[in-house]
Amino acid sequence: MTRAALLVLADGRFPAGGHAHSGGAEAAVKAGRITDAASLEEFCRGRLHTAGLVSAALAAAAALGLDPVELDEAAEARTPSPALRTAARRLGRQMMRAARATWPHPELDALARLFPKGAHQPVVLGVAARAAGLGPADAAYCSAYESVSGAATATVRLLSLDPFDATGVLARLAPELDRVALAAADAARRAVDEGVDALPARSAPLLEIGAEAHAAWAVRLFAS
Amino acid sequence: MHLDHSLSSSHSHHGPSAISADAHRPDGSRRALRIGLGGPVGSGKTATVAALCHALRDELSLAVVTNDIYTREDAEFLLREAVLPPERIAAVETGACPHTAIRDDISANLEAVEDLEDEVGPLDLILVESGGDNLTATFSKGLVDAQIFVIDVAGGDDIPRKGGPGVTTADLLVVNKTDLAPYVGSDLGRMAADAKAQRAELPVVFQSLRGDKGVAAVADWVRGQLAAWRAR
Ligand SMILES: Nc1nc2c(ncn2[C@@H]2O[C@H](COP(=O)(O)OP(=O)(O)O)[C@@H](O)[C@H]2O)c(=O)[nH]1
Ligand SMILES: [Mg+2]
């Protein structure tokens with residue numbers, strides 16, 4: 001295993017489609033819930049402890065080798081919004097393509113065959129981490145970080161927010177990100193014995209509702 | 001641990017889907033030729049795509065992917081003009097960065113072209129229109145086999161002289177809206193000389209979609225690309 005593989009996988013420029021998604025930030029900006037760096041931080045904090053924790057635990061469980069079909073069902077059950085389900089599968093498919101090209105592995109090929117139109121992104125991310133020789137905590141870190149970094153980058157574009165302020169938000173969230181990633185990895189290890197129900201199931205209703213509204217807009221900059 | 005699960009037990013005759021520029025589809029058949037159209041907003045990319053569809057749809061099986069910046073307008077224009085049946089037109093959302101979707105992270109566009117081939121194929125040709133932003137935006141070789149860069153005379157006759165990756169390296173440079181040259185004071189001779197200096201032997205077409213010949217020269221170039229692709 002190489003630690004540096006984590007940097008490759010977590011890089012915002014990893015070509016897996018994330019650039020076209022705002023993690024709910026576009027809807028929150030329009031609704032007036034994100035207006036500056038302080039409100040971006042609150043938004044990201046909420047996301048981290050809900051959708052971020054759930055996706056990090058799914059990714060860690062997939063990295064541990066739990067059945068991705070069961071994990072995909074668990075992800076579906078934890079994602080009420082049809083728009084977010086669609087986005088998660090689309091991003092999963094894009095992650096799959098990038099991961100197969102980057103770390104060729106029979107488990108990735110098998111997952112691509114099972115889900116030709118895409119499994120939930122955190123599940124694919126976890127199997128990709130496995131293919132890259134990374135462990136469950138690495139996968140959890142990657143997923144938890146992604147859950148906030150995408151929204152921060154999108155807000156820079158949406159509000160012309162000072163990019164240094166947006167990066168400062170991510171840096172201030174780092175200690176919480178540590179805790180979320182480690183909690184997610186713990187839950188994943190419990191799920192090995194207890195099954196996928198041991199994975200966290202927190203939700204953020206405003207993210208779900210915002211995603212549904214956003215999907216119906218005629219004019220938008222981001223796909224979700 | 002549940003290691004003996006679906007990943008180790010799945011079997012299939014075909015491999016999983018292709019990754020990027022592979023010339024063959026998972027079932028072994030040859031995929032469609034993919035041609036990208038890039039260039040500044042308003043230069044006439046969508047109009048050129050529409051005209052190419054009119055010119056080629058009776059001889060070729062065609063599809064189009066559009067990359068709008070923040071709406072579905074290009075796809076909707078093509079639908080309204082009925083240049084192709086709706087199932088042959090797909091729109092990709094680019095997240096405020098149209099050049100990223102055609103160059104740095106091409107996965108959404110690759111999915112669109114592959115889905116079109118799966119759903120309405122077999123196809124001979126897929127045109128991929130960029131959302132259009134600046135003069136440096138070019139298509140990745142992982143996405144398209146050849147690219148057309150469309151500029152227009154109204155954007156200023158110094159664009160060929162300024163060069164940039166699109167003008168300099170595109171497989172075909174189209175200088176569109178020549179009908180407007182007299183009104184905007186663009187010197188076509190100078191544009192041609194500057195383009196030649198930037199591009200050496202690479203072809204340049206001056207076109208007016210309002211004129212009699214319309215898109216004919218570009219359509220011929222596309223036919224040539226397709227013949228070369230089939231011979232490869
Ligand atoms: N006069 C003139 N107008 C053109 C020509 N080609 C396109 N247009 C017009 O230019 C405008 C922008 O064209 P469009 O294809 O949407 O540009 P795109 O942003 O590059 O896709 C439209 O109003 C077209 O009708 C041309 O050859 N001559
Ligand atoms: Mg257009």
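Glycine too: its Cβ is placed from the backbone N, Cα and C atoms.
DSSP assigns B:P40 (GTP binding site) to coil, not to a helix or a strand. All protein chains shown were included, and the count of other CB atoms within 10 Å of the CB of B:P40 (GTP binding site) stands at 20. The GTP binding site annotation in TrEMBL covers B:G39, B:P40, B:V41, B:G42, B:S43, B:G44, B:K45, B:T46.
Taken from TrEMBL, the feature compositional bias 'Low complexity' applies to B:1-10.
Positions annotated as domain 'CobW/HypB/UreG nucleotide-binding' by TrEMBL: B:35-205.
Taken from TrEMBL, the feature region 'Disordered' applies to B:1-32.
Taken in sequence order, the binding-site residues B:P40, B:V41, B:G42, B:G44, B:K45 that lie near ligand 1, meaning a CB under 6 Å from one of its atoms, are B:V41, B:G42, B:G44, B:K45. Of the listed binding-site residues B:G39, B:G42, B:G44, the Cβ environment within 10 Å is emptiest of other Cβ atoms at B:G42. Taking the mean position of the Cβ atoms of B:G39, B:P40, B:V41, B:G42, B:S43, B:G44, B:K45, B:T46 as the GTP site, the remaining residues of that chain whose Cβ falls within 8 Å of it are B:G132, B:V150, B:I151, B:D152, B:N176.
When the binding-site residues B:G39, B:P40, B:V41, B:S43, B:K45, B:T46 are checked against ligand 2, B:K45, B:T46 have a Cβ within less than 6 Å of one of its atoms.
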